[in-house]
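According to TrEMBL:
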| type | residues | note |
| --- | --- | --- |
| DOMAIN | A:2-153 | domain 'Glycerol-3-phosphate dehydrogenase NAD-dependent N-terminal' |
| BINDING | A:G7, A:C8, A:G9, A:R10, A:W11, A:G12 | NAD(+) binding site |
| DOMAIN | A:174-305 | domain 'Glycerol-3-phosphate dehydrogenase NAD-dependent C-terminal' |
| ACT_SITE | A:K185 | active site, proton acceptor |
Protein chains: 2
Amino acid sequence: MKITVIGCGRWGTFIAWYLDKIGHSVSLYGRKSSAHMQKLIETRTNGLVELPETLHLTNSLDAVKDSDVIVISVNSQGLRGLMRELQPFELKNKIFVLCMKGVEIETGMRLSQVCAAECDNSNAVAVWVGPGHVQEFAAGVPNCMVIDSDSEDAKKTLVESFGSDLIRFYYGQDLIGNEIGAAAKNVVGIAAGMLDGLGLSTLKGALMARGTREIARLIDALGGNELSAYGLCHLGDYEATLFSPYSHNRMFGEKFVKNELYTDLAEGYYAVDALLRLGKTVSADLPICRAVYNVLYKGENAHDEVNALFTRSIKNEF
Amino acid sequence: MKITVIGCGRWGTFIAWYLDKIGHSVSLYGRKSSAHMQKLIETRTNGLVELPETLHLTNSLDAVKDSDVIVISVNSQGLRGLMRELQPFELKNKIFVLCMKGVEIETGMRLSQVCAAECDNSNAVAVWVGPGHVQEFAAGVPNCMVIDSDSEDAKKTLVESFGSDLIRFYYGQDLIGNEIGAAAKNVVGIAAGMLDGLGLSTLKGALMARGTREIARLIDALGGNELSAYGLCHLGDYEATLFSPYSHNRMFGEKFVKNELYTDLAEGYYAVDALLRLGKTVSADLPICRAVYNVLYKGENAHDEVNALFTRSIKNEF
């Protein structure tokens, strides 16, 4: 298949490398102004994967015109802007695949909703979520991921043509749950980092059980399947997020409570705001998200927030 | 309340210390032949907690006669033998609390079933499960745990009189699920150790999502609530099991696949046998348990077993 990958960050670059490697005809797009892209064009590597000559690198979005599939891996709050840049191409009958996590803050829309709202409705929109570190994939370590879409045809096409010995795809069956679960794991990652920073790492077990429960309730309230919180999109990504020293969100949470310098805000910083707004619309109680929000946005003391979670009235587990 | 704790291992000793600390009148029983018990009597410490003089140490089971509650923390396959030792006391109207994980191999019975079968039915049987390291509790780090019982009265009594700032108890509502979940986490712990030993630690994310799913299916088939697999009894204990260098089960799995010496078999070694037998009775498919069993009992190659899991036919996630 002909594929354009938009976004030359770590994940986008890996996806382009991977799809080329399993036999697709791939263009990787990055803006002219992107330092990442400049470096890729000059060196054909980002230090994690080496890009073969078969992989076309481009600064022009024109590549999308001939593509069957357009994979997008950009900052979640930038998705709508990108989709509007694509509108002059009047794309039809394409499959968009979103390899990104988040919820649009202003509207509370899931990313697949943002994507669909900004393109012709002959196009299908899918998401590709789940665990996996680029470093590990590049070293040949396999993992399981999920592809989901409201279009059964698109889902089948993607699972069949994107699967390999390296990535085993499951068919997702709950787009709401898979998107919300993926976005929310970054918030739980920040919470885990806060526990690490407070010297309470052992509470990450309870965080896993209660965090998944909270997100399951939210997904259910939004009309999805609560089990998705326990799937690859959310729980399956906890290893890479709650327990990895390299996880950006976890590290951000740790540095935040230790009052250490951090270079940029993690995705979960935006996601927690969006999730609380969404939760309010369906009256979902999100005590862990609320605690993370209180620490990040309202300057509350993290220790006090943990204690407050602990002294909530005793109750049934489910 | 008057309480006897039977079992002077790390967990039993901690529980005795904890229940004394929160104001109960506690006897800790260990066999005369136990080196642990000898050391406790001589030094009043096991290196983790210091036992105050208010805590009564005894080599005689007589203490159970005056106790309202009998907490048991012994090897799971030794529970039936212990209950038979208690029969001469003709105990009535007591609450037994099982702080242990496993399934009786020969019968496939849950431990609460073994306990109930071997005592007068005026007694109530409860389980106390969930995450928490003794070292961390001893250092004052709080955690969440679960108490469950078929007797609502016993459950209420225990949650109200055992809870504290250190341990926040939830009311369990699914004895089947909480017992099976607790026993099964040791098997998933061994699987995690095997992945670590194979250099595939990054697959522990997928293991968390697929392992909980498999145990959820088993619990459901046995008549419990599948959500219990995602609760404190199972998932909530993953931090302490799948990600702790100190977890006995994880370490055992790692050493096993590396052909390194291990001193004794982990609880999960027995649990996987019992769970597969149980699974067969209800036709539950347990591919991860089966893979662990094949490696431990049949000498199959661990890499091949992981590959076999990966090449199962592609399917829906839930």
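Each Cβ is built from the backbone N, Cα and C atoms, and glycine gets one as well.
Note that TrEMBL annotation is computational and uncurated.
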TODO: Could you work out which of the binding-site residues (A:G7, A:G9, A:G12) has its C-beta surrounded by the smallest number of other C-beta atoms within 10 A?
DONE: A:G9
Task: Sparsest-packed of the listed recorded positions (A:R10, A:K185) - C-beta count within 10 angstroms - done: A:R10
Task: CB-centroid shell, 8 A cutoff, NAD(+) site A:G7, A:C8, A:G9, A:R10, A:W11, A:G12, site residues removed - done: A:T13, A:F14, A:I15, A:H36, A:S73, A:V74
TODO: Only counting partners 6 or more residues apart, tell me which same-chain residues put their Cβ under 8 Å from the Cβ of A:W11 (NAD(+) binding site).
DONE: A:S73, A:C99, A:M100, A:V134
Open item on the list: Over the span of the domain 'Glycerol-3-phosphate dehydrogenase NAD-dependent C-terminal' (A:174-305), how high is the average pLDDT in this prediction?
Closed with: 94
Open item on the list: Give me the CA-CA distance between A:R10 (NAD(+) binding site) and the residue listed as 'active site, proton acceptor', in Å, as a whole number.
Closed with: 19
Task: Rounded inter-Cα distance in Å - A:G7 (NAD(+) binding site), A:K185 (active site, proton acceptor) - done: 21
Task: C-alpha spacing of A:G12 (NAD(+) binding site) relative to the residue listed as 'active site, proton acceptor', in angstrom - done: 19
Task: Neighbour count (Cβ, 10 Å) for A:C8 (NAD(+) binding site) - done: 26
TODO: Pull the DSSP breakdown for the domain 'Glycerol-3-phosphate dehydrogenase NAD-dependent C-terminal' (A:174-305) and write it out as helix, strand, coil residue counts.
DONE: 98 helix, 0 strand, 34 coil
